[in-house]
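Quick notes on the structure that follows.
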Amino acid sequence: MMVAEAYDHDRFTSNDHMHTWGIRLRETVYPSRDQAHWAYRVMSQSYGKRPSLAFKIRLYCDPDFYTSKCNVYCKAEDSWKGHYTCDKASGQKVCHPGWEGSNCENDIDECSRDSNLCNHGTCVNSLGSYTCLCQDGYIGKQEL
């Protein structure tokens, strides 16, 4: 619900209340300011000689807030705190490849999960990735 009040502002008397309008807003809430579209609305009364108020409005979430209610906070991270991006619709954390956990803070040991990861080579795990070291007589590249 949006309510607007009008007051006269003059130098002769105190600010007198002139009119109050109300309108129920049903506009779409957009994920960001860049994506938000302006909607034009008019608040008016159908009886008597009441003034109307025309305005434009756009609704969007603050940065790092998600869902249609802007009530899920997620700030992308790539540090010791975690390694993730945020899903644009739900705000849920999406782990970078090679990471898992509630904050994507745990390195996945790809080498221990797949013994055939490095055909004819030695798998060496690293943070968020792995490297294959070829045995003598083999060449190639297999990296995450």
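We number each residue from 1, going along the chain as drawn.
For all residues, glycine too, the Cβ spot is worked out from N, Cα and C.
Among the features that TrEMBL reports, domain 'DSL' is placed at 59-104.
Look at TrEMBL and you will find CYS61-CYS70 (among others) tagged as disulfide bond. The Cβ of CYS61 (disulfide bond) lies under 8 Å from the Cβ of VAL29, TYR30, PRO31, SER32, THR67, CYS70, each of which sits 6+ residues away along the same chain. DSSP gives CYS61 (disulfide bond) a coil state; it is part of no helix or strand.
Look at TrEMBL and you will find CYS74-CYS86 (among others) tagged as disulfide bond. Taking Cβ-Cβ distances under 8 Å and a sequence separation of 6 or more, the neighbours of CYS74 (disulfide bond) in its chain are ASP64, TYR66, CYS86, ASP87, GLY91, GLN92, LYS93.
Residues or ranges marked as disulfide bond in TrEMBL: CYS95-CYS104 (among others). Here the Cβ of CYS104 (disulfide bond) has 22 other Cβ atoms within 10 Å, regardless of which shown protein chain they belong to. Under the three-state DSSP scheme, CYS104 (disulfide bond) falls in the coil class.
Taken from TrEMBL, the feature domain 'EGF-like' applies to 107-141.
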Under an 8 Å Cβ to Cβ limit, what residues of the same chain, 6 or more beyond the ends of the domain 'EGF-like' (107-141), are close to it?
83, 96-100
